[in-house]
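First up is the structure itself, then whatever we jot down about it.
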Amino acid sequence: LHMIHLHWYQYPPMNPMMYPLLLIFMFITGIPCLAGNFVTIWVFMTTKSLRSPANLLVVNLAMSDFLMMFTMFPPMMITCYYHTWTLGPTFCQVYAFLGNLFGCTSIWTMVFITFDRYNVIVKGVAGEPLSNKKAALWILSAWVLSFSWCSAPFFGWNRYVPEGNLTGCGTDYLSEDALSRSYLYVYSVWVYFLPLLITIYCYVFIIKAVAAHEKGMRDQAKKMGIKSLRNEEAQKTSAECRLAKIAMTTVALWFIAWTPYLLINWVGMFARSYLSPVYTIWGYVFAKANAVYNPIVYAIS
């Protein structure tokens, strides 16, 4: 109880029907997410032709999504069943830490996937090919940096507390302490705004390169008096373009999933009177649904 902010005490308990709905949602998303990401990992790791440096990033993305749902799914089922957080203050902090860690790792892995597509499509032969060593370094960087940032609340820079709905835990966005708020400012930049800017930058040039390539193919085909010009190299480039579209879709879905949680944090800091326990549900509902999207997108590819 000492971890629950006084702001939440002014609200009556949530409608009891919300908890069965959350249970159903978690079951519908949890099982497909675990199965989908496990299959993605298994297929990429056991199929020799898919063991490329770029696909190491895909495997890491599936791994972080799998671990997110694996660690979030059971506690959410338990707390929804009991209508409150029953797993103690220590596990509340661990739960919030793991959710942030795997979420942060996922977004930076997708940023690296986007940057790899940028390198292949925009720079082409002039770009340095992604090697296994470089892919492993990117993956290690995503985990180490994410772990560092997400560990900060354990050392007094912000803290992990129960959400207003008492079925999950997250960062303390209701504290008025300047040090605590500074963590949310920096974390928002690191996990949301910086990846967003990098992604937009890469895709602006990717789209330009794809458009220029397709126009060149059409013009060349017209000069030769044929409907299309698709040699082996063109087919390879077309495949790279399809992969770029898949990566762009995945990143877009990630930002759609995490934007509500970001907004909840900022509303909690600057306009808490508009924030009720029911609204806090949508933040992690969208965030956890993100872990389901990625295996679906990559399965289609």
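Glycine is treated like the rest: Cβ placed from N, Cα and C.
Quick look at what Swiss-Prot annotates:
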TOPO_DOM  1-18  topological domain 'Extracellular'
TRANSMEM  19-43  transmembrane segment
TOPO_DOM  44-55  topological domain 'Cytoplasmic'
TRANSMEM  56-78  transmembrane segment
TOPO_DOM  79-92  topological domain 'Extracellular'
DISULFID  C92-C169  disulfide bond
TRANSMEM  93-115  transmembrane segment
TOPO_DOM  116-134  topological domain 'Cytoplasmic'
TRANSMEM  135-155  transmembrane segment
TOPO_DOM  156-182  topological domain 'Extracellular'
CARBOHYD  N165  N-linked glycosylation site
TRANSMEM  183-204  transmembrane segment
TOPO_DOM  205-245  topological domain 'Cytoplasmic'
TRANSMEM  246-267  transmembrane segment
TOPO_DOM  268-278  topological domain 'Extracellular'
TRANSMEM  279-300  transmembrane segment
MOD_RES   K288  N6-(retinylidene)lysine
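Looking at C169 (disulfide bond) and the residue listed as 'N6-(retinylidene)lysine', their Cα atoms lie 13 Å from each other. Counting residues 6+ beyond its ends, the transmembrane segment (19-43) has Cβ neighbours under 8 Å at 50, 58-59, 62-63, 65-66, 69-70, 73, 76-77, 80-81, 83, 167, 281, 285, 288-289, 291-292, 294-296, 298-299 in the same chain. Note on the topological domain 'Extracellular' (79-92): DSSP counts are 9 helix, 0 strand, 5 coil. Below 8 A, the CB atoms of the transmembrane segment (279-300) and the transmembrane segment (183-204) form no more than two pairs separated by six or more positions in the chain, fewer than 3 in all. The secondary structure of N165 (N-linked glycosylation site), as reduced to three states from DSSP, is coil rather than helix or strand. Counting only same-chain residues at least 6 apart in sequence, those with a Cβ under 8 Å from the Cβ of the residue listed as 'N-linked glycosylation site' are M14, M18, P277, V278, T280, I281. In terms of local Cβ density within 10 Å, C169 ranks first among the disulfide-bonded residues C92, C169. Taking the topological domain 'Extracellular' (156-182) as a whole, pLDDT averages 91 in the prediction. For the topological domain 'Cytoplasmic' (44-55), residue counts in helix, strand and coil come to 9 helix, 0 strand, 3 coil, using DSSP.
Same-chain residues lying 6+ beyond the ends of the transmembrane segment (93-115) with a Cβ under 8 Å from its Cβ atoms: 54, 57-58, 60-61, 64-65, 67-68, 71-72, 75, 87, 138-139, 141-143, 145-147, 149-151, 153-154, 159-161, 168-171, 190-192, 195, 198-199, 202-203, 247-248, 250-251, 254, 258, 284, 287, 290-291, 294. Counting residues per DSSP class in helix, strand and coil order gives 6 helix, 0 strand, 12 coil for the topological domain 'Extracellular' (1-18).
C92 (disulfide bond) sits 17 Å from the residue listed as 'N6-(retinylidene)lysine', counting Cα to Cα. Counting same-chain residues at least six beyond the ends of the topological domain 'Extracellular' (79-92), those with a Cβ under 8 angstroms from any Cβ of the stretch are 2-3, 13-14, 16, 19-20, 22-23, 26, 160-162, 166-169. Across the topological domain 'Cytoplasmic' (116-134), the DSSP tally of helix, strand and coil residues reads 14 helix, 0 strand, 5 coil.
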